[in-house]
Amino acid sequence: MAIERTFSMIKPDATKRNLTGAITKVFEENGLRVVASKRVWMSQKQAESFYAVHKERPFFGELVEFMCSAPTIVQVLEGENAIAKNREVMGATNPAEAADGTIRKLFAESIGENSVHGSDAAETAAEEIAFWFGGNEIVG
Ligand code: UDP
């Protein structure tokens, strides 16, 4: 298996409830090392740009508003098969459908306010990491 990097966000519903450490602990327990991390309060423009792929979806406005409602932790996670591993550890988008032990099952409040984001493929991981981090901010 290859060592990969993926992009993660701990979303506003989770930072508001002081779950940054608890969620990061789940990453670390599952072999995902935090090689970059910062706290950002994103602007509407940043949220619209980051989630541009969803701009025609009915939930887009709500999603942008939610992502700007409180701080977010943006992170780069590194490990074996990190992209798929992180998706597995996150659980299904809707916490009602998420498997036991996953972050969304443990912590998410709803399909929208679902505590974490994680890249879904190698190409999006590279784009999303570059969206938030300069190369010198990632320390492997
Ligand atoms: N989302 C939402 N309503 C929906 C589907 C998605 O509010 O019906 C939000 C939710 O925060 C989700 C994000 O939009 O995490 C991106 O959706 P995607 O389908 O890419 O899910 P993910 O990759 O985050 O599991």
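Backbone N, Cα and C define each Cβ position, glycine as well.
Lifted from TrEMBL, the feature list:
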DOMAIN    3-140  domain 'Nucleoside diphosphate kinase-like'
BINDING   Lys11, Phe59, Arg87, Thr93, Arg104, Asn114  ATP binding site
ACT_SITE  His117  active site, pros-phosphohistidine intermediate
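Structural mapping of features recorded in TrEMBL.
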| residue | record | contacts (Cβ under 8 Å, 6+ apart) |
| --- | --- | --- |
| Lys11 | ATP binding site | Phe66, Met67, Thr72, Glu113, Asn114, Ser115, Val116, His117 |
| Phe59 | ATP binding site | Gly112 |
| Arg87 | ATP binding site | Gly118, Asp120 |
| Thr93 | ATP binding site | Arg104, Ile111, Asn114 |
DSSP helix/strand/coil residue counts for the domain 'Nucleoside diphosphate kinase-like' (3-140): 64 helix, 28 strand, 46 coil
Contacting binding-site residues, sequence order - Phe59, Arg87, Arg104, Asn114 vs ligand 1, Cβ under 6 Å: Phe59, Asn114
Candidate with the highest Cβ count within 10 Å, taken from the recorded positions Arg104, His117: Arg104
Other CB atoms, at most 10 A from the CB of Asn114 (ATP binding site): 23
